[in-house]
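What TrEMBL annotates here:
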- 56-76: transmembrane segment (TRANSMEM)
- 88-108: transmembrane segment (TRANSMEM)
- 114-136: transmembrane segment (TRANSMEM)
- 143-167: transmembrane segment (TRANSMEM)
- 234-261: transmembrane segment (TRANSMEM)
- 273-291: transmembrane segment (TRANSMEM)
- 303-326: transmembrane segment (TRANSMEM)
C-alpha cells in the first residue's frame, strides 16, 4: 500500500476514534444524540452539555497534545539520530513542570504566562541532559547514554518539583491532576492561546523534512548537497521543544507518545519525505485519543488520568525499544 493510501486510512481511523470518543464515557450516548449535540446544541439538555463541554473538549485537547508531542519526538529522533529520545525521555517535560511550579509559587503566574517559564525549563532540561550524557559516556555518541542523561535530568527536576510543591501544598491543589498528565480541563482558553505554537511547529517541521532526510546521510554528505547541518539541528530543536512545551502547558507531562509514534511511523511508511511527518502527527493524535477513551471507560464512572494510561502502555514500549537497542549492539 502506498504511503498516501496509508495516510488516508489513518485519517479514517482517527475519525472513527473521534466518534468513539464522543459516544463513550460513564454513560453511552447514542449517535443521534451526539449529532444533535453537535449541530443543534441545547444548553438545557444535560447530555448535550456533557458531549460538547466535556467530551468534545477532551477530544480536541487530546488530539492536539498527541499531534505536537509525536511531531516533537519525530524531530528529536531525526536530528539526534537516536530512536530512544523524546520530550519525556530527555527530561524536557519534567524541566517544564518544575519551572511552571516555580512560576506559580514565586510570581502567581497562570494561563498563557506559564508558557515562558515552561519553555525555559524545557531548554534547561535539554542542556542538562546533554551535559549528563557527555559526562556519562565521556563525549562519545551512544544512544543509551543520552537516555540515561535524560533519566537523570527527569529525576532531578521531578525532585525539584516535589520540593517546590511541599513549600505551599494548598497553592497547588488545583494543579495536582495536571502534574501527572490530565486532559480533563473543560476550558478551551489554554488551547486557544497555544494552538498557534503547534500549527507553526508542524508547518516548519514539514518544511524541514528534506533537510532532515539529507542530514540522516551524515553531516558531511548533507553539507555537500547544500544543507547546513548545524542550522538544521538548531532549527529542529527550536521547533521540537516549544511544540512539546505547548502540550505540557495544557495537559501536563503525558509521556511516551513522542517516543512510540515516530517508531510506529517508520515501521508503517518509512521516514523520508513529508508524508511521515503528517502520518506521525495523526498517529500521535490517535494514540492519545485512544488512551483517553480507555481512561474514561476502564473504571467508569471513575476517570483515570490519561497520563497514567500512557505511562503504563508507553513504559512497556520503552523497555522493548531499549532491549532491541541492546541486542543490536551485541550483534
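Even glycines carry a Cβ here, placed using N, Cα and C.
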CB contact flag for the transmembrane segment (56-76) and the transmembrane segment (143-167), at least three pairs under 8 A: no
Positions whose Cβ lies under 8 angstroms from the transmembrane segment (303-326), at least six residues beyond its ends: 62, 83-84, 88-89, 143-144, 147, 177, 180-184, 251-257, 259-260, 263, 287-288, 291-292, 294-296
Best-contacting stretch, by C-beta pairs under 8 Å, relative to the transmembrane segment (234-261) and drawn from 114-136, 143-167, 273-291: 114-136
Residue numbers, six or more beyond the limits of the transmembrane segment (273-291), whose CB comes under 8 Å of its CB atoms: 3-4, 6-7, 10-11, 13-14, 17-18, 21, 59, 62-71, 73-74, 183, 202, 205-206, 209-210, 213, 254, 257-258, 260-262, 264-266, 306, 309-310, 313
Other parts of the chain folded back onto the transmembrane segment (143-167), taken as Cβ under 8 Å at six or more residues beyond its ends: 80, 82-85, 88-91, 93-95, 97-98, 101-102, 105, 121, 125, 128-137, 179, 322, 325-326
Folded-back contacts onto the transmembrane segment (114-136), same chain, C-beta under 8 angstroms, at least six residues removed: 87, 90-100, 102-104, 142, 145-146, 148-150, 152-154, 156-157, 193-194, 197, 237, 241-242, 244-246, 248-249
